[in-house]
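Per TrEMBL, the features are as follows:
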DOMAIN    107-520  domain 'Major facilitator superfamily (MFS) profile'
TRANSMEM  107-130  transmembrane segment
TRANSMEM  150-168  transmembrane segment
TRANSMEM  173-192  transmembrane segment
TRANSMEM  198-221  transmembrane segment
TRANSMEM  233-255  transmembrane segment
TRANSMEM  261-282  transmembrane segment
TRANSMEM  334-356  transmembrane segment
TRANSMEM  368-386  transmembrane segment
TRANSMEM  407-426  transmembrane segment
TRANSMEM  432-452  transmembrane segment
TRANSMEM  464-488  transmembrane segment
TRANSMEM  494-515  transmembrane segment
Amino acid sequence: MNSSLPLRQPIRTHSLIPLQNHKSARFKLQPSRFVNSSIQNCSRTVSFSPSSIPIQPRFNGSVEFRTVPSLRVRVSSNDAQLGSLNEDCEPKAPSFREFITSERIKVVSMLALALALCNADRVVMSVAIVPLSLAHGWSRSFSGVVQSSFLWGYLISPIAGGTLVDYYGGKVVMGWGVALWSLATFLTPWAADTSLWALLATRAMLGIAEGVALPCMNNMIARWFPQTERARAVGIAMAGFQFGNAIGLMLSPILMSKGGIFGPFVIFGLSGFLWVLVWLSAISSTPDRSSQISKYELEYILNKGWKSFPMENKPKTNRIIPPFRRLLSKMPTWSLIIANAMHSWGFFVILSWMPIYFNTIYHVDLKQAAWFSAVPWSVMGFMGYFGGTWSDMLIRSGISVTLTRKIMQSIGFFGPGIALIGLTTARNPFLASAWLTIAVGLKSFSHSGFLVNLQEIAPRYSGVLHGISNTAGTLAAIVGTVGAGFFVELVGSFRGFLLLTSLLYFLAALFYNIFSTGERVNFDETGP
């Protein structure tokens, strides 16, 4: 005999609790809470086949036992969602069309635009440094000092900014950050005409403001995207980051030819102010605060995205000072610090010196050098999205998060290391640009490695952890950017410095593969 118990939503709701003894199984009805949901066609069938099953319904205190040969209970979401059974009744993954039209895509698109402005504002100086050096008679090593002034400020803010992001959320901190770095970019022409120290201070202010960009990006993506979509979301956001390089490198020479050396600084600064107005009016800090999000998308994010991430509308009872000692006592933390340091070393060396490299090694003019340097960053944007999509597919197919992150990081470090060796052998600028494109294109896979890994090992402290690793990355970037100039002056060859960078890539990849993990790490001070 099969009995089907359809569940309707009554005034007093109940849950089915199975109780097992030696020879029989019993169900008793106990007060519980249904979860309202619009999910359709989700059901669960529970079958029992002992020799006899006593059923114990409780109504007004009376008890009645009935024995049946077998029982099948079918719980259907067409009627209601039931407590613990709801875990298996999750919405299916959205289609590509649903994904690209969702509210969370609007959020990550705005993040991508912010990161594009972030890098465009940085890279303008990589192009402007050539005419500025000629005008002021700066040596190559001093040009490296001027370019690194951005990093002086960038060294200060990531940890403090990451802490503020964890406490106040990514929306507010990102809005303030973009406003301040746009102001610094806009004021750069005035500072350059005033004095060298004013120029250095303005570039340092740019670095301080931009130090919050990546922690804010990580915070917003962790709140808006489930784990199976985060690598793809990071790929989209970081694509904007890389396209910012391409935009800055390609447009800066054109804007300089039309509006003088400082034309790009004014245009990009004003664009940042416009972005802030749209961000504050159109984007919500969390999905539950959005007035534009659909009911289905909200439930999808709530069911799959916030299982390991605290809801922002809960009272903030935790202290604002994070447990730095505990964070730095774990080897997975150091694997992320080393990975970020190497990523920043390679990124800023290539970003800052490639226009000069093409200009001095292959004797191409400034505009051509900018274009040869810009093409690889455009490819990096597309490759980053491909790597993120592939990473999410691997996780959905059953491959562990830890192995997936190690695969992505290995491609992201071993690939550029090999390609930079090829770059040193290139005999013409076209072949050199091809090797450089391969290097930075494969480098983008690390966005689906260590960069997403920050959210996974410490969802509660992802902002400050990103800040710590960013600070290490900034120190490495300063050493690499300034060191490249002195290395070239002492040794007389930029190719030797590229070979050194390749070796460092290989060592960092090995360290990450040994000590990293895709699982959550216990950073609670009361834990073991």
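Easy rule for this one: first residue shown is 1, then count along the chain.
Cβ atoms are placed via backbone N, Cα and C, with glycine included.
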Original post:
Which of 150-168, 173-192, 261-282, 432-452 has the most Cβ pairs closer than 8 Å to the transmembrane segment (464-488)?
Top reply: 150-168
Original post:
Hey, would you say the transmembrane segment (233-255) packs against the transmembrane segment (407-426), going by three or more CB pairs under 8 A that are 6+ residues apart?
Top reply: no
**OP:** Restricting to the domain 'Major facilitator superfamily (MFS) profile' (107-520), report the mean pLDDT as a whole number.
**Re:** 84
